[in-house]
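> According to Swiss-Prot, the N-acetylmethionine annotation covers M1, on the basis of similarity to another entry. If you look up Swiss-Prot, you'll see 5-108 marked as domain 'PH'. According to Swiss-Prot, the feature phosphoserine maps to S34, S126, S447, S474, S478. For C60-C77, C297-C311, the entry in Swiss-Prot reads disulfide bond, with the evidence type similarity to another entry. Residues or ranges marked as O-linked glycosylation site in Swiss-Prot (evidence: similarity to another entry): S128, S131, T306, T313, S474. Under the heading domain 'Protein kinase', Swiss-Prot lists 152-409, citing sequence analysis as support. The ATP binding site annotation in Swiss-Prot covers L158, G159, K160, G161, T162, F163, G164, K165, V166, K181 and rests on sequence analysis. Taken from Swiss-Prot, the feature active site, proton acceptor applies to D275, supported by sequence analysis. Residues annotated as Mn(2+) binding site in Swiss-Prot, with similarity to another entry given as evidence: N280, D293. What Swiss-Prot lists as phosphothreonine is T309, T451.
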Amino acid sequence: MNEVSVIKEGWLHKRGEYIKTWRPRYFLLKSDGSFIGYKERPEAPDQTLPPLNNFSVAECQLMKTERPRPNTFVIRCLQWTTVIERTFHVDSPDEREEWMRAIQMVANSLKQRGPGEDAMDYKCGSPSDSSTSEMMEVAVNKARAKVTMNDFDYLKLLGKGTFGKVILVREKATGRYYAMKILRKEVIIAKDEVAHTVTESRVLQNTRHPFLTALKYAFQTHDRLCFVMEYANGGELFFHLSRERVFTEDRARFYGAEIVSALEYLHSRDVVYRDIKLENLMLDKDGHIKITDFGLCKEGISDGATMKTFCGTPEYLAPEVLEDNDYGRAVDWWGLGVVMYEMMCGRLPFYNQDHERLFELILMEEIRFPRTLGPEAKSLLAGLLKKDPKQRLGGGPSDAKEVMEHRFFLSINWQDVVQKKLLPPFKPQVTSEVDTRYFDDEFTAQSITITPPDRYDSLDPLELDQRTHFPQFSYSASIRE
């Protein structure tokens, strides 16, 4: 067991992920890859004071830029299948070089340790991400045959964003249908500024839960990263709610219970999902919930390595996320509160087109309920949408149990939930696996344009050079089935 030591420490200015202000943080970079930020300089490196920022530099990509401030550097990596960034600046070019060299050295040493050694549970991102080792293990495809683009028929476009697209595909060998998320490498790699790139996929290898989308394969082409995931064709919950405007409390209770069951499973494995929102909640063909990771940045990335525009759905952000403080499992209970409020009230709990005003509402505004809402539902939502994560329902040490024991869920048998014994309140009227009536025809009506598959199997040396940014980015579920 290697002893963890502090490699470098000092003051950095960290840019808020959402409220784009710069905050001074005292950071410790440790030999195990952890990169921990405090409001004040800690008296001792091993002190128990909780940090405000806690993530890992293992297998990250480093970039430097002079925007939006001189001497800025960016740490970028994949969180599940979504690109995330953290931005810092220092006072001088020399100081920036020192930090980048130190981070690079730690990342390299972790990479060289090899499987089974200390600190090989590659983690990245925020505090919640940094404990996702079980679901983000290094994936090396030892399957008998390598998966390529040629192995699939491309049927319909399901979604599209700045980073890439999600396509309904059919695996030729088995006839099975999947959703393939295709990310363009050029938006993940800032070509001339890469000091170190993501070198292995962090994938949802070990998820085994009825309400979580499973990953079947991950592979790459010369210019794409591809994730082949379970396909749920009942459509987004967002699609159904926008049609019906509001769900009955019973219907919301059913969906809420399945989401709680999935979150309990993730939290028991020290994984915080972080992104509960209607668009990430799908229905399968029978009407059960499937939490997906199809997230595509809809608002885009402007030019420059660090110019990340607001990407994501700000209406769902918890107060502690906005304040850029360390956050844990309670962030998921806030997300549950927002989606259940939408289901039962027909609108978001906090909304304003102006992001700054919206953030103010999330941080300060008291929650309001329609008169038609029952007392148990009001009590549940008020508990889930408490501003202080420590006071929030589910924010205590018993986590999901607190939520499960709330009187709103009194009629729910949780064993029956996980065993799918409860009858879904709505069964999607799909006629076949390729029936996409519950997907937005803005996408499904479009023709699919991807580079012809044969292009991927005859890479020239220049194209192979780009592949070296993502060595061993491959995975097949069959190796553990």
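A Cβ is built for glycine as well, from the same backbone N, Cα and C atoms used for every other residue.
Give me the lay of the land around each of these features.
There are 21 other Cβ atoms within 10 Å of the Cβ belonging to S34 (phosphoserine).
Taken residue by residue with DSSP, C60 (disulfide bond) is part of neither helix nor strand, so it is coil.
D275 (active site, proton acceptor): 21 other CB atoms within 10 A of its CB, across all protein chains.
Cβ neighbours of T313 (O-linked glycosylation site) (same chain, under 8 Å, six or more residues apart in sequence): K277, E279. According to DSSP, T313 (O-linked glycosylation site) sits in a coil region rather than a helix or strand.
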> Considering only the recorded positions K160, G164, V166, D275, N280, which residue has the minimal Cα-Cα separation from S34 (phosphoserine)?
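Its closest listed neighbour, by Cα, is D275.
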> What average pLDDT does the predicted model assign to the domain 'Protein kinase' (152-409)?
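Across the residues of the domain 'Protein kinase' (152-409) the model's pLDDT averages 82 on the 0 to 100 scale.
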> Select the closest residue to V166 (ATP binding site) from the following recorded positions, measuring between CA atoms: C60, D275, N280.
N280
> Return the member of L158, K160, D275, N280 nearest to C60 (disulfide bond) in space, with distance defined Cα to Cα and candidates limited to these recorded positions.
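Closest by Cα distance to C60 (disulfide bond) among the recorded positions L158, K160, D275, N280: D275.
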> Among the recorded positions C60, K160, G164, which residue has the fewest other Cβ atoms within 10 Å of its own Cβ?
K160
> Across all the protein chains here, work out how many other Cβ atoms are within 10 Å of the Cβ of N280 (Mn(2+) binding site).
22
